Structures are given as C-alpha cells and as structure tokens.
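Data first, discussion second: the structure below is written as structure tokens.
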Amino acid sequence: MARRGLARLRDDVRAAAMLLTRLPVDWALPDREEGALPNMDGSVWAYPLIGAVVGAIAAVAYALAWWLLGLPLVAALLALVATVMATGCFHEDGLADVADGLGGGHTKEKKLEIMRDSRIGTYGTVAVVLALGLRAAALAALAEPLLVAAALIAGGALGRGTIVAMLATLRPARRDGLGVVAGRPSGPVIAAGLILPAAIASVCLPGPVALAAMLAALAAAWVIGRIAVRAIDGYTGDVLGTGAQVGEIAVVLTVAGLLAPAAG
C-alpha cells in the first residue's frame, strides 16, 4: 500500500512537470498512450513543487553568472533565460494572450477568440516585457545569490500556488482547452497545493518576509481572478498562467522590497 502511494505521488509530480515545463519527464510515464496527457486532476498539488524546481534552476544560473561576471542585472537576466527555457515560456505565453484578449476585445466572445490566437499583439508584448523587466530588476536589487535563490524558489512555488487558489475558487470560462485539463481537484488536493507553497516559502524566507510573500501571492490570485470573472466569467489556461506570472512577480518584488536594503 505504501509503495502504491509513493508511486502515485511520483506520477503526480511527473504529470505536473510535463504540463508546466519542458523538463524531460515524458519518458517516465511509459504506460501513457502516445500524444495523450496523463490524468491531471490529482497532480495539481505538485504545481508549487515544480515551480520551486524551476526557481532552483534559475537560482543556479544566477549564481554561476554572478560568480563569473559579478554583474547582478546580467545575472538576473540569465536566470530568467534559464526559467523560460525550463518552462518553454508557458506562463509568459498565457500572460501575453490574456493581455491581448482583455486589451483588444470588447465582448466575452471576442476576448476568448483573441486569447486563442497564437499571434502576440502590442498588449501582449508589453505585458511580457514588463513581467521580465520587473523580475530582473527585483533580482538585481537583491544581488546576493542566496537571497536571489530564496526569492526565486519561494516565488516559483507561491506563483504556482496561485493556480491552485484560482482552480479552487473560480469556474472555467469555456468547456475546452488547458483551463479544464486539471479537472475539478478534490479538497485534499487543493489543500495540499496551498500548504506546500506556504511551507516552501517558510523554509526559504524569514518568517515575516514569508508571510508577506504569501499575502502578496494571494492578493495576485484574487486580483487576476476578479478581472477574469468580470471579463470572461471565469478562468482559462491563459488566465491561470497569468495568475502564476503575476503571483511570482508579486512575491519577488515583496522579497526585494523587504530584504534588498539588508543585502547592501
């Protein structure tokens, strides 16, 4: 029984990694039919764990660049390069689609139509540039690699935790697409998906800073959720990705605002 439970946890982590990243985990699901996604509803709890792993990858890239070059801003930009390579720009693409849809559409149907368009417009381009710029500036302000690592890992976990919070409180805006791949996660899965990022943040950050970061992520989830409900009556996969992006930005900015002076 214990072995079966561990196998289920392992499969959940692999399924979450396969959805949220480009990390090579597809080989680890040998029984899956070619081209088919694994069952996602039980793997939602692992989203914050995958976010923390992506944050750790970015932290290693930052530390190497900082050690070799000694330039915090350049190191921060290279850390973000590592992030988008690990995720395939998955959440950035969602942010761009939402910005284009909300900026260019005047009805729910038109907004959803624009969000489905794979092309990126002016609103989407500006949104992605601002998202990357804000994160790079915050990481450069922290400068010290250990502080940057804490911000990246906590931000990655709490940012993906916003996805869990939005799945728990919102309904899908349409009946197809990645927004419904996760299904309707059960209460225990949702609870685990909210407790895990809080625990990761508490390990990475001092108590008051961790609490502030959690509140920032929750605020981001609430704001993006309210905007989505008003605009399209719920969430899509792009909206969830936007929540992850905004949540991560909010966390990194909060950590930088509270710890950057101490780093100097």
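Please read every residue number as a count from 1 along the shown chain.
Glycine residues also receive a Cβ, built from the backbone N, Cα and C atoms like all the rest.
All annotation found in TrEMBL is predicted automatically rather than curated by experts.
As annotated by TrEMBL, transmembrane segment applies to 44-65, 71-90, 120-142, 148-170, 182-203, 209-229.
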Quiz item: So are the transmembrane segment (44-65) and the transmembrane segment (148-170) touching or not, going by 3+ C-beta pairs under 8 A with a sequence gap of 6 or more?
Solution: yes
Quiz item: Counting Cβ pairs under 8 Å to the transmembrane segment (120-142), which of 71-90, 148-170, 182-203, 209-229 comes out on top?
Solution: 71-90
Self-check item: Cβ-Cβ under 8 Å with the transmembrane segment (182-203): same-chain residues at least 6 beyond its ends
Solution: 40-49, 51-52, 153-154, 157-158, 160-161, 164-165, 167-168, 210, 213-214, 217, 251
